[in-house]
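S.K.: Per Swiss-Prot, the feature transmembrane segment maps to 10-30, 130-150, 158-178, 185-205, 244-264, 267-287.
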Amino acid sequence: MKKFSIVKHARIFFSITAVVLIVGIVSMFARGFNLGIDFTGGSILDIKFDQPVTVAQVRTVLSDHQLGSSVIQLGSSDQQVESSQSVLIRTGLISDSQRVDVMNDLSNRLGHNEVLRVENVGATVGGDLVKSAVGAVVLSWVLMIIYITIRFELRFALAAIVALIIDVMVTLTWFSVLHLEIDSSFVAALLTVVGYSVNGTIVVFDRIRENLHTHRRNESMGDLVDASIWQTMTRSVYTTLTTLFAVVAIFLFGGETIHNFSFAMLVGFCSGFYTSTFLAGSMWLFFRKKLKR
């Protein structure tokens, strides 16, 4: 039985990718990103009350201090609750005197509370973190281009980097469309996705290179790429599934603090499988035709 030709249907896979990327780009320009205080600067107050309080009660107090737009999170897990003793408040950057006034007002109106954690991130620090995050991702791409060029050749490297850029863009698309918060852990997730995705792509490229040594003149390069992809398909599927099992478990049971981190990896790993399986080989063929020796 003849196997499905991935190369011959490359336009379909690239069209799907293009639609997703267009949606993402529109969302990025229209809605932007929900940047956490790691990037924008701000304050985090982790408070525990003696009695359960609601979001509305806390927001009413904060509104009197011009902090009504603050993000208020109840509890310490993903479980949605109407009231809780544990409250996490994310605001714009406030001074120590403002914080003391807010805490005193919360105590007077909602009961005694204990401050478990206070974090302040200045706007300058947040801006520096954005530059560092972008620099880290770009540096990883540059190093991979150098490594793959040495290990294989430039055409393989270019195809791999385009696949990685797509993976990063797809992950950013989901976070923009769903308006999920992007913090420093998101950068770590992106770098993890880049490393995982390039690993899957390298496996396919390594098989293509091996098959080139036994390539028959009457066999088209498209058939060779298809054969290489299918020869590595079982490995790719098993590796992706076993990795996703762990990531899904973290996503479901890991708690609020790493929820977005695990979601970024979940999206990125799925995209990595898609690009390495359905796009990378066809992109190598494209660069092979354009950059003939």
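Even glycines carry a Cβ here, placed using N, Cα and C.
Show me how these features fit into the structure around them.
M.R.: Outside the transmembrane segment (158-178), and at least 6 residues removed from its termini, the chain residues within Cβ reach (under 8 Å) are 17, 20-21, 23-25, 27-28, 31-34, 137, 141, 144-145, 148, 186, 189-190, 193-194, 197-198, 201-202, 205, 260, 263-264, 267-268, 271-272, 275-276, 279-280, 283-284, 286-287, 291.
Long-range contacts of the transmembrane segment (244-264) within the same chain: residues 73, 75-78, 171, 174-175, 180-183, 185-186, 188-190, 193, 270, each at least 6 residues beyond the stretch ends and with a Cβ under 8 Å from a Cβ of the stretch.
Sequence-distant neighbours of the transmembrane segment (267-287) (same chain, 6+ residues past either end, Cβ-Cβ under 8 Å): 6-7, 10, 13-14, 17, 155-156, 158-160, 162-164, 166-168, 170-171, 174, 189-190, 192-193, 196-197, 200-201, 203-205, 208, 221-222, 225-226, 228-229, 233, 236-237, 240, 243-244, 247.
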S.K.: By a Cβ-Cβ criterion of under 8 Å, what residues six or more beyond either terminus of the transmembrane segment (10-30) are in contact with it?
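M.R.: Distant Cβ neighbours of the transmembrane segment (10-30) are 166, 169-170, 172-174, 176-177, 274-275, 278-279, 282.
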